[in-house]
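So that you can see what the record holds, here are the features copied from TrEMBL:
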TRANSMEM  21-45  transmembrane segment
TRANSMEM  51-72  transmembrane segment
TRANSMEM  84-100  transmembrane segment
TRANSMEM  106-128  transmembrane segment
TRANSMEM  135-152  transmembrane segment
TRANSMEM  183-202  transmembrane segment
TRANSMEM  233-255  transmembrane segment
TRANSMEM  312-334  transmembrane segment
Amino acid sequence: MSTRRTITESERAEILRPPGLRLAGVPVFIAMAAILVLMLAVPVLTDIRFYYLQVTILIFFYATLGTAWGIVGGYCGQHSIGQAAFVGIGAYTSTLLYMKKDISPWIGLFAGMLLAAVVAIIIGYPLFRYGLRGDYFALGTVALGLIIYELTNSFSTLTGGSQGIPLKYENNPWNFQFQDRKYYYYIGFVLWLVTVTLSYRLRRSRRGFEMLAVRDDEIAASRGGISILRAKLSAFVIGAVISAAAGTFFAQFLLFIDPGTVMSLEISVQVILVAVLGGMNSYLGGTVGAIILVPLSQFLSSRFTQSPGADVAVYGLILIFLVIFMPNGILGLLRKSPRWRKVIGW
């Protein structure tokens, strides 16, 4: 006599549910929720010093950029070295709309994101369409960064050139300006949280699976029916859009922009270091890297005021160390543990 029976929908859901959620999902969710609540409460419940508040805001900024770069370089394996170009596009678009047309930077933020997406498609499509990858793609993004940088310097009547653009201050939330710097903390927090959440969901989506497959083996991915062009271009555009949003935030936070501040090669290198140090294959890699690298950068800048470029030399040494001893970053050391591997999303 047959003992077969039809399983219920609840049993089916339990079978199909990823094992990581059963083992670590609830504790991890509670821990992360507690951390997020604590991060929101710190500026309110404590009299945080101005300096530490500024450093924390910079951590959010670079964590956002590092996470965005991780989507391009970590998930899809396309190592862009011109990511600062998109930061500059976002910063200059929102600033020029505000200064020239009196359009709120909140609106300029979305305009900058749209322009960054268009530029990423215009540049990325031919690069990916004709199979540029590895060092050749990296050189292409360096060229993009240099072109945007030089154009910004050249059109000085519009962009202010090397003199930059000081933003008019009106202490108006509609103009993205606040007298209390804690509001920049919260905006940076939201920007970072949205980026990390997007990265987390993307990695577990079909599009994220395609990106990972392309990164691991383009030939096998292509034979499996995955569009190499679509996967690479999607990652590049997503990274560009997030970087542009961060650029608008950075411009309003500083109330001043110039090419060296928002689109220099040094910023691109710092973003790569943040992602690689934390672990570019994880959605948390950019955050971990920023928590370590930003305070270190501030410390070096304050200690070596008489030796310009010393901090860049230290960055170079860190990069050499990572390439040799920790190619998968800090979180890469945890991936051997099944429980931690689920948590960090490796």
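Cβ from N, Cα, C; glycine included.
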(message) Given a Cβ distance threshold of under 8 angstroms, which distant residues of the chain, six or more beyond its ends, lie next to the transmembrane segment (51-72)?
(response) 43, 78-80, 83, 87, 181-182, 184-185, 188-189, 191-192, 195-196, 199, 202, 211, 235-236, 238-239, 242-243, 245-246, 249-250, 253, 270-272, 274-275, 278, 280-283, 285-287, 289-291, 293-295, 298
(message) With a cut-off of 8 Å between Cβ atoms, can you find at least three pairs linking the transmembrane segment (106-128) to the transmembrane segment (233-255)? Only pairs 6 or more residues apart in sequence count.
(response) yes
(request) Mind pulling out the one from 84-100, 183-202, 312-334 with the most Cβ pairs under 8 angstroms to the transmembrane segment (233-255)? (result) 84-100
(message) Let me spell it out: take the transmembrane segment (84-100), skip the flanking residues so only those 6+ beyond its ends count, and list any with a Cβ under 8 Å from a Cβ in it.
(response) 65, 107-109, 111-113, 115-116, 119-120, 141, 144-145, 147-149, 152, 158-159, 165, 167-168, 175-176, 239-241, 243-248, 250-252, 257, 259, 262-265, 267-268, 271
(message) Counting only residues 6 or more past its boundaries, what in the same chain has a CB within less than 8 Å of a CB in the transmembrane segment (135-152)?
(response) 78-85, 88-89, 92, 123, 127-128, 159, 161, 259, 263-265, 268
